[in-house]
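Here's the structure we're looking at; comments come further down.
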Amino acid sequence: MKHISIHWFRKGLRLHDNPALLAAMTDCHKLYPIFILDPWFPKNMRVSVNRWRFLVESLRDLDESLQKLNSRLFVVRGRPTEIFPVLFKEWKVTRLTFEIDTEPYSRQRDSEVASLAAEHGVQVIQKVSNTLYDTDRVIAENNGKVPLTYVRLQTLLAALGPPKRPVPAPTLENLKDCCTPWKDNHDAEYGIPTLEELGQDPEQAGPRLYPGGESEALCRLDLHMNRTAWVCNFQKPQTEPNSLNPSTTVLSPYIKFGCLSVRTFWWRLAEVYQGRKHSNPPVSLHGQLLWREFFYTAGAGIPNFNKMEGNPVCVQVDWDNNPEHLRAWSEGRTGYPFIDAIMAQLRTEGWIHHLARHAVACFLTRGDLWISWEQGQKVFEELLLDADWSLNAGNWQWLSASAFFHQFFRVYSPIAFGKKTDKGGEYIKKYLPFLRKFPAEYIYEPWKAPRSVQEQAGCVIGRDYPKPIVVHEVVSKRNVERMKAAYARGSASTTAQLEGGGGKKGAKRKTPAGPSVAELLTKKPKTKSS
């Protein structure tokens, strides 16, 4: 029997290492590659114009790659559970393939779609390729419990063996007996939307430093893999959070959208490492991919992973509710130039170094402002190009010392930490140009500069740039005591192993909706029957 297949692109916006796509092409008569603009996402999470742009560029690149295989991408708007019954009937579909996604909403959505497919007699094939390993299998190997330390995860993965090797990208040979029925008016019916059509203002986007798409991802991967000595010597803690150009690969946005396969990245690194002395996990590049695996496994098996309440590994802390301080932090108006420069880079470019994320996350939570990590999580969710549900939630819990990391007495200084790698404050001058005329001795603490120096620099503190909203030396000591009290209460047993249950659903996130985008995406699918 020759199948009529739909391959449903979600995160895996690529042709290389896409086993579900290859499964769709096997014994296939007609192939429909689709991407669904699901209104759930803009209703339940914030998405910056920078990330919308990255997605649109990734979809365009994917469509161009499919055209080289005499195929096209079909972009459809609406709820998957409403769209698929229409498409199953209209296209006479017999098979649906997609990559497994372990996020709570995705699990629920995919389960509902699989049930609908069964009702329509459509075969469903799901493949693991968003992670190095099957997270459910990792949890099963740990007696149904989520591994709560990096070392425990390493032990489990060592028993499982190396990750599967990536599968090749499809060629015209894969599609020799298969066609994609698309028409001359394809772009009008199923074309990729513009930013304006998504309710976004392109003028509000920042500089296009990281163009979206698989082609760009593979070019960037090649460039980095050719830096053999750099790859072998890479140690994440030794990279600089405030270098004027990124000191790491910045491949994270491409991995988040699946423009780059994590397995391809892993095995390309293995080739570079082969026969050479190299750094090791957790600080190596392989180690960074294992950190991703660690948080993906945790997110797959821990209920309410993106919340404090109902999250069994998270310390229950009486965080303050201070909207004014939260806004000052998110808008880069804390009065601490290192913190504000990082937030300015995040807001304009959509990416900041991991150690810069450490600094601003500590400042917002246990270090200075004593505001819940869930609030910071929402801001990162909106602004980061690489915002990834599991990694975002896991890292915020780590950095706020709410889970996984418990040395809450180790606090990042908003002054000294940046000075370690940038004494002259060149990074601050780049992202806060109104401070660029301050002498190096005052660039991190401009409020200490004499009034004459401030006036000569053209920036008077308290008028042109805010005074510090808190005194770090005072609040950081008080917050250590508050954290000590939270731990003493023992509200949550942060070391207790969880019962497994990768299929448990976390509560949906309730964040302000973007109605213009959501409404745009709830349009009925553009099909002949609509």
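Backbone N, Cα and C atoms are what each Cβ position is placed from, and that goes for glycine too.
No curator has checked TrEMBL annotations; they are predicted automatically.
The annotation FAD binding site is assigned in TrEMBL to 248-252, 288-295, 386-388.
The domain 'Photolyase/cryptochrome alpha/beta' annotation in TrEMBL covers 3-132. Per DSSP, the secondary structure of the domain 'Photolyase/cryptochrome alpha/beta' (3-132) breaks down as 59 helix, 31 strand, 40 coil.
The region 'Disordered' feature in TrEMBL is assigned to 490-530.
If you look up TrEMBL, you'll see W319 (among others) marked as site 'Electron transfer via tryptophanyl radical'.
The site 'Electron transfer via tryptophanyl radical' annotation in TrEMBL covers W373 (among others). Taking the Cβ of W373 (site 'Electron transfer via tryptophanyl radical') as centre and 10 Å as the limit, one finds 28 other Cβ atoms among all the protein chains shown.
There are 25 other Cβ atoms within 10 Å of the Cβ belonging to W396 (site 'Electron transfer via tryptophanyl radical'). Here TrEMBL flags W396 (among others) as site 'Electron transfer via tryptophanyl radical'.
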Taken over the domain 'Photolyase/cryptochrome alpha/beta' (3-132), the model's mean pLDDT: 97
By Cα-Cα distance, the member of recorded sites W319, W373, W396 nearest V250 (FAD binding site): W396
Inter-residue C-alpha distance, T248 (FAD binding site) and W319 (site 'Electron transfer via tryptophanyl radical') (nearest angstrom): 33
Rounded distance in angstrom between the Cα atoms of W373 (site 'Electron transfer via tryptophanyl radical') and E293 (FAD binding site): 21
